[in-house]
Structures are given as structure tokens and as C-alpha cells.
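Reading through the C-alpha cells given below for one structure.
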Amino acid sequence: MIKTHKIVLVRHGESEWNQKNLFCGWYDADLSEKGIEEAKQAGKWLKEKGYTFDVAYTSVLKRAVKTLYHIQEELDLHWIPIYRHWRLNERMYGALQGKNKSETAAKYGEDQVKIWRRAYDIPPPQLEDSSEHNPRNDSKYQHLDKRVLPLTECLKDTVERALPYWHDSIVPSIRSGQNVLICAHGNSLRALIKYLDKVPDEEIVELNLPTGIPLVYVLDENLCPINHYYVAPDDVVQKAIDQVANQGKAKNLIITMNEQMFALRTPQIDANQLDEDFHSYNWEIFSSLFRHSYSHLIHSFKHEFQLFLRLLTSYHTLLSSKSSATIGQQLLQIKYSPSLQTRRQKVLYLSTFAFTYLYEKFLVDYRRLLPFQFIYKLFLFLNFLLFLRRGTYINLFERFARLKTVHDHPPSLRVLDYTYMKRELIWHTLNETLGTIIPFISSLKARTFMRKHLSGTIMNRLEQTDICSVCDQSIVMPHESMGECKHYFCYVCAYSLIQQSCPICFKEIPNIKPKEFSSG
Ligand SMILES: O=C(OP(=O)(O)O)[C@H](O)COP(=O)(O)O
């Protein structure tokens, strides 16, 4: 019987930088809340299937170290030896570290990002020596020769630096019959798999490893893979793999942006307008309360009451600790970031009310103050131009208080279906065409045409009744032709037939006369 070995590879649970869709590399990001749950779940799956380990290997980055810890916790395996080594670190992502993958795809193209993420031998641009991400300035690596510390790596480089550790430390443990667990990273594990499965350079591009799902490799006695499988339901695995593959797509931008995504200009303008509309509506209702009594009071103290209403609204919105958005912003799901926290911001906010009050009470009515009004309007205009250019600070208060507007929730991706729009377009075109054609159709001629082709019975019925041969209603002021036609018409209908022909018998009607009633 062939002697086999089983090793388990686990990519750490989701890190905080995975969550933000940032290139992470050697940056020491922590696990996100979800990542902690994924790590625990990995341990549970392994426990369920009866896995146990004698030794574990990981990198020196805390997202992998902590994932391993959570797995140990679930398996109650704190006593096994743990070896951490920089050679199991994630691929050094060079100058891409800290950049958002979707934004990078939007800037450089998805194809370029796929090359940087997945091409075997093309490294991303390297880190500057002075970069905060340069491992040469990191205390974790101070004991190492600076020349081995990379400033960027392609997968080939990662394979080359990870394999010595595989051969020197991990292989002996496997050969000695120990159950080995390796908890590492997306690309350091891809490097290992590339080597074990002898994946061709061009095929490794399509390999994506999900976070927190244990991958079992069954090796023969020469440590060649016989089989491999994930210890999780297939649909969970596939979904997680697709998610990793899609991280480099620009279209993810809208759904992966965190909630600090700045609001677009249009919602900001709309929110401003809604606030004004809300104030007008508020004032309308309030003043209508006193329409029949105390109206003189309302009229005399209009500005003071308006100030009171504005303050009341603010007290329940921006000035309350629960909200950082005006009414208009709340309706459009945007808000200030940071919220109105400092005393200075609150004072500035309240002074805008004082200013509005003074402006409306005095400036508008006094001609001598017109130059001030002009200066104020000029400021508003310049501020608005700046807002249009930069997309921030729609009013002077926001500018002075340095308040930016962000989306309350990440905007969701809307799927546009053009079927309805196409139908609408066809219907409108048809409507317009009919609307243009119909007025050209003479109803009289149409009716004449139809009668010409109607069967005799209907014709007879029409002739036998006392209804007008033109409008089909009871005859009003009956008239008849002065020619050969023997039909009767209302006066108005008959008048329209002069010099035309009768719609029933098609005889010409030279003129008309009132119907003569026989005395019998
Ligand atoms: O740090 C990273 O990997 P990790 O989350 O496995 O440590 C990379 O950002 C993974 O990104 P990639 O899947 O685009 O290679």
C-alpha cells in the first residue's frame, strides 16, 4: 500500500485590508471581525472532519498568526509547536501596497491589474526606499540581511523565497509522519501549490485561494500530490473563490468602497434644496396656524419665528448627538463626515442662523446695505464655482467648518435593464405618429368610405331611421339637399356638406333647405 501524507493549507481569514479591497502584501494588517469568524469556522470544519496536527507553520504577519491561533483554539491544540517564518509571508506587493484594487483597475485597466495580481513573472512597481512599507525599516526583519528583503515580488520570486523553507523545515516534518498545518497567505500558498502541482506558468493566473477555508493536499511518499480538496461545502468554496477573483475588477468599485465615499455633487445640491424646501414648508404650516388670529404678530416677527423654527429643526438633527445630517441629507442618505463634533463647528453652524436672520431682516430691505448684499452673493457664487470644481463644501458653513459630505451607506450597484425603456420609446414613437396622422384623416371621408362598403342591411337601417346621416344622432333642425339626394341631416351637418357629396348615396349636395314635412 502507498504511504500517503496529508497536509492542510489555510489562507488566513479576511484581513482588515482584504475587507477594504487593498493590496496588502507585507503590510501587517489585522483580521477583520469577519476574518476572526472565518478563522474559527476553519477550525470547526477541521474538527468536524477529525483533523489533528502535530506541528504548524505560519508567516510573521499577524493575520496568519492569529488565524492559526483561532484554529488551535477550536481544535484545542495549543500545545503543538508553531514555527513562524518570513519566507511564508505574503508576496511583497511593492508600490501597490495600500492601494485599492478596484480603483487601481479603474485607473490602469483590469487587464493590467490582473497581470500585477496573477502573472507569474511580472512584478508590480517596486517600493521606494523611503516608503513606510519598506520591510528594511521594519523591526520584524532587522535580524535579516537587507538584500533578502524584497521591494516587490512576482509570484516567481515568492516561489523562490518560500521553497527553501519548504524543503528545509516543512518537508522533514512531513517525512517524519507528522500532521502538518500551514497557515499562510493567498500568494505564498499559491507559490507552494504552483510548485507541488507543477502548474504551468500561464495556468497559475487562474488560481485564486479563498480566505479561511482549509485546503487538504494528499501527497504520496515522494510528496507528489495525489489529490486535493477543500474542507467546506462546494458552494461556499466557489462563492469565496469568485469573490477573490473579482477583487481586481473596476466595477466592484461602487460596492467595495467603504462608507467614507464622498457624496456626488448632485445629491449635495439636492440635499441643500430639500433643506430650503423643508424650511419653507415648515414656515407655511406654522404661519397658517395663526392665519385667523394673531396674524399681525406673525407678520411683525416673521424673521424671529423663522429663526426659531430653524433652530428647532437643527436641535433635532445636526445639533443632536444622534445625527450628523440635515433633513435633506437624511432623505438622500448622505451625511457630514466627521459629524458636527467640535465646539467651533457648532458655533459656526449657529452663526449661520444668526447671519441668515440678520440678512433677511435687514439686508434685503435697506438699500444702503446693497453693497454688502452684493459681496455676500459674490462669495456664494465663488463658493459654488469651487464646489462645482472640487465637489466639496456646497455652502460657506461647510467650507469654514471643513465638513465633507459622504454617503451614509455604500451606494448599491444598480442593474439597468433597458427592456422597459425600449418599450417606452416604441410606445411614445407610435403615439406621436398617430397623433400626427390622425388629424389628416377626414372623418367624413372615412365614414363615407366605410358606408360605401357596408352591407345593405345596415344601409337600409340607416335610411329608415330618423337619425342624421352624418353624425348618427337624432336630427336637430332637419335639413335636406336641394339636389337629387333624399337623405336628411341636422342643420349643422348639412351645412358642412354643401358642395360635397352625401355620405350615404354619394350624390352631390349643391345647397341645402329645411326638411319639408308632408301634411298627411
Ligand atoms: O495581502 C494579500 O494577500 P493575503 O490577504 O492572503 O495576505 C494580497 O492583497 C492578496 O491580494 P491578491 O488576491 O490580489 O493577490
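Note that the numbers count up from 1, one per residue, in the order the chain is shown.
Even glycines carry a Cβ here, placed using N, Cα and C.
Spatially close to H12 (active site, tele-phosphohistidine intermediate) yet at least six residues away along the chain are L31, G35, A39, R63, A64, K66, T67, C183, A184, H185, T211, G212, judged by Cβ distances under 8 angstroms. Feature annotation from TrEMBL assigns active site, tele-phosphohistidine intermediate to H12.
Positions annotated as active site, proton donor/acceptor by TrEMBL: E90. Around the Cβ of E90 (active site, proton donor/acceptor), 27 further Cβ atoms fall within 10 Å across all displayed protein chains. In the three-state DSSP assignment, the secondary structure recorded for E90 (active site, proton donor/acceptor) is coil.
The Cβ neighbour count for R118 (substrate binding site), using a 10 Å radius and every protein chain shown, is 19. Taken from TrEMBL, the feature substrate binding site covers 11-18, R63, 90-93, K101, 117-118, 186-187.
The domain 'RING-type' annotation in TrEMBL covers 468-505.
Outside the transmembrane segment (370-388) by six or more residues, the chain places 265, 268, 359, 363-364, 394-396, 399 with a CB less than 8 A from a CB of the stretch. Annotation source TrEMBL lists transmembrane segment at 370-388.
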Residues among the recorded positions E14, E90, R118 that border ligand 1 - Cβ under 6 angstroms, in sequence order: E90
Binding-site residues compared (W17, Y93) - the one with the fewest other Cβ atoms within 10 Å: W17
List of residues, in chain order, with Cβ under 8 A from that of E14 (substrate binding site) and at least 6 apart: L31, S32, K34, G35, E38, T211, G212
From binding-site residues R11, W17, R118, the one whose Cα lies nearest E90 (active site, proton donor/acceptor): R11
For R11 (substrate binding site): intrachain residues, at least 6 apart, with Cβ closer than 8 Å: A184, H185, G186, L189, L209, P210, T211, G212, I213
